[in-house]
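**Q** Right, I'll just put the structure down here and ask away after.
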Amino acid sequence: MTNIRKTHPLMKIVNNAFIDLPTPPNISSWWNFGSLLGICLILQILTGLFLAMHYTSDTTTAFSSVTHICRDVNYGWIIRYMHANGASMFFICLFMHVGRGLYYGSYTFLETWNIGVILLLTTMATAFMGYVLPWGQMSFWGATVITNLLSAIPYIGTNLVEWIWGGFSVDKATLTRFFAFHFILPFIIAALAMVHLLFLHETGSNNPTGIPSDTDKIPFHPYYTIKDILGIMLLILVLMLLVLFTPDLLGDPDNYIPANPLNTPPHIKPEWYFLFAYAILRSIPNKLGGVLALVLSILILVLVPFLHTSKQRSMMFRPISQCMFWILAADLLTLTWIGGQPVEHPYIIIGQLASIMYFLIILVMMPAASTIENNLLKW
């Protein structure tokens, strides 16, 4: 008799995705981040659900409802901080996951890669709207500044912004709709993640060498289930260290001041995971130019597969490309740092140089490095 997990219509899907999945034998810990993102998403949906039970999306009560969750709801404080810091862990895993894809040439799986880019954009939108919900100073002004960027779109810009706001400023209508979108988007992310996985399992996983491993596979369970469990335990350890010891480390103190449209905070800045894009936005003096650069800083990932000029897939055996990759990583850290600094000398020029470098590395230097390596292989 065949095992039920191989015949049952539902269990068969789970079996083919997580148990009997043929997996390359040499995938490293960089391949753990996919499962960690799944865990992060489940954690965010669960904590978010319990927060939504006590939260009110009204400008007069939103701030106090969050305070109520932390003070009066049983374990409300831990749920709130797990949700807030869970978002940070989510983005750490996302950046590592994308970085892995860039380094090992996983972007040659076009459908998987493009759905991944859509997932990244959707997650960024969700996180932005979630940051508005506590209705603190940084929530209000962050929402005002970022939604206002759409007014840079010629002709329809102003109408579009007012349509998103539901009025002539960020107000009750804006908060209510942001809560509605923030609630629904994680489920859309979950659906997209399933499609992401579906396309990945059409081709099978890449591996560090970038060489097809179809002749050499091992079952996902128990080898990678146990490896994933180790990753999950480490993720939860780091998250709980953050939550229990320094819950406000990654937050902004200004968000403990209730939203006040009449008082602008001295430095409006988003959460740390958006700072690199914010730095690129600020580095261009023109409004429309800044918005375009901001959008392109993420959408440039769609171009990466078409800029691949190397004869090899992975960067494992390409030292010049490796140098370019790590310069890009350092550049992104520089942009993240600049995004959190005030707009003054020398930060302005550093931000502008780092922004130019970002696009230059991806569009010019990486393809050039690959071409040089191709020619070196002929010697």
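Glycine is no exception: its Cβ is also placed from the backbone N, Cα and C atoms.
Quick paste of what Swiss-Prot says about this protein:
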TRANSMEM  33-53  transmembrane segment
TRANSMEM  77-98  transmembrane segment
BINDING   His83, His182  heme b b562 binding site
BINDING   His97, His196  heme b b566 binding site
TRANSMEM  113-133  transmembrane segment
TRANSMEM  178-198  transmembrane segment
BINDING   His201  ubiquinone binding site
TRANSMEM  226-246  transmembrane segment
TRANSMEM  288-308  transmembrane segment
TRANSMEM  320-340  transmembrane segment
TRANSMEM  347-367  transmembrane segment
**Q** Honestly, do the transmembrane segment (178-198) and the transmembrane segment (347-367) touch, with at least three Cβ pairs under 8 Å and pairs 6 or more apart in sequence?
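**A** By the criterion, they do not touch.
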**Q** Among the binding-site residues His83, His182, His196, His201, which residue has its Cβ surrounded by the fewest other Cβ atoms within 10 Å?
**A** His201
**Q** What is the interatomic distance between the Cα atoms of His83 (heme b b562 binding site) and the residue listed as 'ubiquinone binding site', given in whole Å?
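**A** Rounded to a whole number, the Cα-Cα distance is 30 Å.
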**Q** How about long-range neighbours of the transmembrane segment (226-246): same chain, 6 or more residues beyond its ends, C-beta under 8 Å?
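**A** Apart from its flanks, the transmembrane segment (226-246) reaches 29, 32-33, 35-36, 39-40, 78, 81-82, 85-86, 88-89, 93.
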**Q** Take the C-alpha atoms of His201 (ubiquinone binding site) and His97 (heme b b566 binding site) and report the distance between them in angstrom, rounded.
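**A** Answer for this pair: 17 Å between alpha carbons.
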**Q** Does the transmembrane segment (288-308) come near the transmembrane segment (347-367), with 3+ Cβ pairs under 8 Å (pairs 6 or more apart)?
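**A** Between the transmembrane segment (288-308) and the transmembrane segment (347-367), contact is present.
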**Q** Quick check for the class: what is the C-alpha distance, in angstrom and rounded, between His97 (heme b b566 binding site) and His182 (heme b b562 binding site)?
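**A** Checking the Cα atoms of His97 (heme b b566 binding site) and His182 (heme b b562 binding site) gives a distance of 23 Å.
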**Q** With Cβ-Cβ distances below 8 Å as the criterion, list the same-chain residues six or more beyond the ends of the transmembrane segment (320-340) that contact it, or say none.
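**A** Hits for the transmembrane segment (320-340): 99, 102-103, 269-270, 272, 274-280, 282, 310, 347, 350-351, 354-355, 357-358, 361-362, 365-366, 369-370, 372-373.
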**Q** What does the structure give for the C-alpha distance between His196 (heme b b566 binding site) and His182 (heme b b562 binding site)? Integer Å is fine.
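**A** Approximately 21 Å lies between the Cα of His196 (heme b b566 binding site) and that of His182 (heme b b562 binding site).
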